[in-house]
Amino acid sequence: MKPTLFTVFVHAHLYIFFIFKNNFFFLVEKVLDIQRCDLNIKSNSSSHHTELYGEERLIVRRGQPFSIVLHLSPSKLDGCIYVSAGPLPRRESDTKVTFSLQESTVDTEWSASASKDASGGTITVSISSSPKAPIGEYTLTLDQLGQKTSLGKFTLLFNAWCPQDAVYMQSEEKRKEYVLAQHGLVYRGNFKRIKEKPWNFGQFEPGILDICLKILDDSPKFVPDADKDISSRNNPVYVTRVLSAMINSNDDRGVLVGEWADFSGGNHPSLWMGSGEILRQWAESGPVRYGQCWVFAAVACTVSRALGIPCRVVTNFGSAHDTDANLVIERLYDENGDRISGDDSIWNFHVWVDSWMTRPDLGTEFDGWQTSDPTPQETSEGVFCCGPASLHAVKEGEVAMKYDTPFIFAEVNADMQDLVRLSNGKFVKFSESTKSVGNFISTKAERHDITHQYKYPEGNISKTRFLQDFHKLLFIFFFFYFKIKLAKNMIVGSNFEVYAVLTNNFLDARTCNLLFFARAISYNGKLGDSCGFSSENLEVPSGEGLYDKNVLTVHVLKIYQYVHLIALYVISFMGNLILRLQLLGEARVNQPVTAQLTLLNSLPEPLLNCSFAIEGIGLTDEAQIIVMNLSYRVGTVGAKQEAKASIDFKPTITGSSVLLVNFDSDKLKNIKSFIDVVVKE
């Protein structure tokens, strides 16, 4: 008699064979009559923390047993299992493994056990995958004497609950936040005005997991050597690096197109409220337009969590982009205050992700959080990707450690120098700082400062501190101490005043020519139009004498978020805009409820093309959009008038969720708010 055989396929390439012989049970001289196979989806999902994916399919985590039940005519059963991966599995590459059916499963490798009920009508097969198995989609097939019976499919994910898995996290609270949480906040602005942006990660939304697996299959690494790529998916370091490249579309047909200037032909990055819509658009029609750093990072977080990798979104305020790897960001100006072209820059903020995993390629001291950055800034090994780099390596200055540690080290540690080119062609340094880069590094739903995880405090001496010989000089203008003061209670749409405070450190009074330039600036350091200029000769007394005077009025109508006062100060304006969101009545499943939205136009001129959009996991099927239709013409909100809207939505599931709202117009963009929603029966 030929043995009974189960086969499991992963992407039609990975196989598991259950071969039943005559060890535990009496031999049956006929093919087992299997009436049906129960994949135990509800029970398995609960024990594997995958119930949020739904009950339409079996999704399990590696290194942990799951069970299936075969309903059949009375018969006997025992056997062994054969596991192979890829189109050409080989024992030498650990893609082909054979093992026996045992009395119980083990948690270190692929194993299986079987038991039958007293009537003999069902056989329960318990299967435990290896904690080092490749993640992916499997199909289960029974082969008896050459007769094949399909038993169903399952998907295998990384397992943060399994101590033998490379992504294991000991804390249940952290597993809930970094694997299971579907909502979070992304921090933006600058270190003086940190603003939160709500985001729906939505890793458990229908269809998202399949899209995440498609991202791996569409990677350029899969096409030339599918066997090697599938085998490598057992390693979260490999998967994270692939995602870093595939979330942007620079080298392939990845998820997002980056854009920082012209947004025609796509969505402005500030309009996105969650990852689900982006991923669905990509799966249907290719690269999605457009994304910026927080969008790239949030989508990467969604995909990582969907695959089982613990992940957090991280914002670095004052983030250096060091193109020449000298760990100094040099900003060059002419005597008129105009920037001279240069590749180095300091972003007001930059957003990336940290993923939790071991680093056997580096050593146990480098385990833990690993930084990767899907925003396309520089190439790594010829591809626009970055990381994963160990946070321990970044903090200790171990810049030789892979991947891309020197670039990430510079993002949080580089020094800044401002230089002006005089009429004789010479450059004179007029300010220098070792404290402008890498501030208030933030993460978590309730903002948590993790700067200490990335770097030592400025001024501390460490044997690994790479920049210990730099001067601690902040805002020194030759022998004058120079400081900028701003008027209080700045209002969006209104001009505001800037004051200068100078201290003369010479022994006698001195006269200086004070030039002020104000320019609009994007968050990544790119300068825009001029919005203010002032020039004045000042006589400043020696010693403690202070000069405090309104030296500049900045005009803000033509800018959206930031002003750059050459070259010392960055101002954010959006803090006093409040988008009010209120639910009218209780939210109940499958019953309509109304969200009332209000925002005051604080500008002295009308807003055009105004709209509100709402989105919530389990609250709205798609992002629902309503265009303003007030007492003015459609889409217009007058100066100092309120934009109001009421949007009805129908929750589809009970429990806690978050409703996100976005306001957009021709002049005011990226105005966000959110409210917690508890949906009752």
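Cβ coordinates come from backbone N, Cα and C, glycine included.
TrEMBL: automatically predicted annotations, no manual curation.
TrEMBL has this to say about the protein:
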ACT_SITE  C293  active site
ACT_SITE  H350  active site
ACT_SITE  D373  active site
DOMAIN    285-376  domain 'Transglutaminase-like'
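Per-residue confidence over the domain 'Transglutaminase-like' (285-376) averages 92 (mean pLDDT, predicted model).
Across the domain 'Transglutaminase-like' (285-376), DSSP classifies residues as 18 helix, 41 strand, 33 coil. You'll find the Cα of H350 (active site) roughly 6 Å from the Cα of C293 (active site). Counting Cβ atoms from all protein chains shown, C293 (active site) has 27 others lying within 10 Å of its own Cβ. Around the Cβ of H350 (active site), a 10 Å sphere holds 27 further Cβ atoms from the protein chains shown.
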